[in-house]
Structures are given as structure tokens and as C-alpha cells.
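Colleague: This is the structure, below, for whatever I ask next.
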Amino acid sequence: MDFFDEDRPRFVFQSRPSSSHTAEEEEEARIPNKLFISISVSISLIILSLSFFYFESEPAKSLLLWLSLSFLVGPFAPSSLTGGKIRVGYGQILEPEQIHDESSTDNERESRRKSVNKRSKGSTKSDNPPENASAVTEVSRKVVIPQSKESGSVNETKDWTAEEIEILKKQLIKHPAGKPGRWETVASAFGGRYKTENVIKKAKEIGEKKIYESDDYAQFLKNRKASDPRLVDENEENSGAGGDAEGTKEIWSNGEDIALLNALKAFPKEAAMRWEKIAAAVPGKSKAACMKRVTELKKGFRSSKTPAN
């Protein structure tokens, strides 16, 4: 019987040819084939004749000249320029690439494995139901308690008391519209019990119009306006004359003009409900009459200024 040694294989396969074959093939490769040379030269001559006699346009003519030269020079070109042979086992043997930073790659692999393991553990924990329901409820209570404290520290607009509403009204009067940082200062008056958003919502619900109507000074001016006898006499004169409202012209006294100017100084343009306050400060005059009188005074001032210049 014949015994075969498995450690020593009989056939050895080589990816590259032996040195004797390579030397012979290199010599053959250096000598070009006559048939191949004749075919390439004939093709180059045909293309060259076509480029000179049949194609007069410039791009086609230049392309044909380039093709004819390539067919003529191609067989005599070295293999290093034309790419050499593409058969398996020919050419230079490539050296194996050197792997740098092996330690860094190992660390990256370990970190990826750890992250995958953590994700798998987290998914298994979420999938499994809790064993002790009481423990879960206790934990949820512990988590909910600080939230309830925080929510208690900052109340909503529903829990406002009458005293807090009065404080809000006073703060809104103290800090009028247009003042920088108005709502922050108003909210700070409550000692952190309400956020600025809740204060703004509550102020919108109440309405600044009602707040300003509750002012004692405004009420005094309105009562003075209603009880002014000059207003009653003026209405009687207008009704007796029977003229239209557009045709009649209101008469302003010096005291009313002074009161109007003082009101304009007291309530600047940035103040809320400016003209209502000005009309309340001038007895017997409406908002439209005050606005009209201001325009008349401006025109008179400009007309008196032009002749002086």
C-alpha cells in the first residue's frame, strides 16, 4: 500500500511564472509582430488620407490625425507606456500594506463592542416586565414629588387671589407700557410665585383698560368732566343752533389749552391709552376734540414761526 504524507502536498501552485519563462517572453514582447505592424500602418494611412481629402472641418480633421498617429506609433511604444500585459501572473508583485496604529483600531473595536452590549442590555431590561410593582410605584412617587413642588412654586393664572390681583394692578400702573423689562419687574414683585408668562396672561385677562379706570385720579377727572356745567351749556347752545356737527367749531379757552398742554407733557407717546387720559385731564373735551386742537395748535405755531424767519 502507498502512504501519502498530508503535510507535504505533491502539487505546488504558483501565481507567477518561473524565471526561465519570463526571460523568453520578455524578449518576445520587445520584438513587435510584423503582421500587427502592417495592419496598424495601413489603418493609420487610411485615416490620414481621410483627414486630408474628405474632412475639411477642423474638429473632425484633428481627431482623425490623432487616431492615425496613435495607430502608427502604437506598436513601437514600450509596454510601460501602453499598460503592459494584463494576464494573471505578470508584472510586479505588490507588497502587503503595512497596518498602522493597531492599538487604536483594537481600542475602537472594544468600544464598539461595549456600546453594542450596553444597547442589548438596555433593550432586554425594557422588554422584561418589572418584578416588584410596589418598588416601581415608590420610585415614580419619588420622581413626581419634586415636580409637584416646582409646580407649586410657580402657580397658574387660575389660583390668583384678590390680593394678588390688586398687587398686579398696582404694579402695572407703577410700570407703564414701553418700559424696558416691565414684565420681569412686575413678576419679581410676587417673589417668584408666578412666571412672567403667567403674569402676562393674567394682565391680558383683566385688561389694562379696567386697570386704568380703577385709578382714583382718572375717576376724579371723569367725575369732574361729567359734572362740569360748561359742558351742559355748550350742548344746549349746539342743540339750539341746529347746525351740523361738522360745521360747528369748538371754542377753547386759555385754561383748557393750558390743561391740554400739561396733559401732553404728563402722558408721553409711549404711554398706553394716551389720548383717553388726555381727554380725561381736559374737562368738557372729548378725545377727537383734543386731537383736533393739537393739530390746530401745531399749524398756528408753524404759521407764526414762518413770518418771523
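For all residues, glycine too, the Cβ spot is worked out from N, Cα and C.
If you look up Swiss-Prot, you'll see 97-113 marked as compositional bias 'Basic and acidic residues'. The annotation compositional bias 'Polar residues' is assigned in Swiss-Prot to 123-137. The feature domain 'Myb-like 1' is assigned by Swiss-Prot to 156-209, with sequence analysis given as support. Sequence annotations record features per position, and here Swiss-Prot assigns domain 'Myb-like 2' to 244-298. What Swiss-Prot records for 97-142, 228-249 is region 'Disordered'. Taken from Swiss-Prot, the feature topological domain 'Cytoplasmic' covers 1-34, 84-309. What Swiss-Prot records for 56-62 is topological domain 'Lumenal'. Look at Swiss-Prot and you will find 35-55, 63-83 tagged as transmembrane segment.
Tell me what's around each of these sites.
Modeller: Each residue of the domain 'Myb-like 1' (156-209) gets a DSSP state, and the totals for helix, strand and coil are 36 helix, 0 strand, 18 coil.
Looking only at the domain 'Myb-like 2' (244-298), the predicted model's pLDDT averages out at 83.
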Colleague: State the residues, same chain only, that lie 6 or more residues beyond the ends of the transmembrane segment (35-55) and have a CB under 8 A from a CB inside it; answer 'none' if no residue qualifies.
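Modeller: Beyond its ends, the transmembrane segment (35-55) has Cβ neighbours at 61, 64-65, 67-72, 74-75.
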Colleague: Near the topological domain 'Lumenal' (56-62), which same-chain residues lie under 8 Å Cβ to Cβ, leaving out any that are not at least 6 residues past its ends?
Modeller: none
Colleague: Treating G and I as helix alongside H, and B as strand alongside E, what does DSSP give for the domain 'Myb-like 2' (244-298) in helix, strand and coil?
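Modeller: Looking at the domain 'Myb-like 2' (244-298) with DSSP, the answer is 33 helix, 0 strand, 22 coil.
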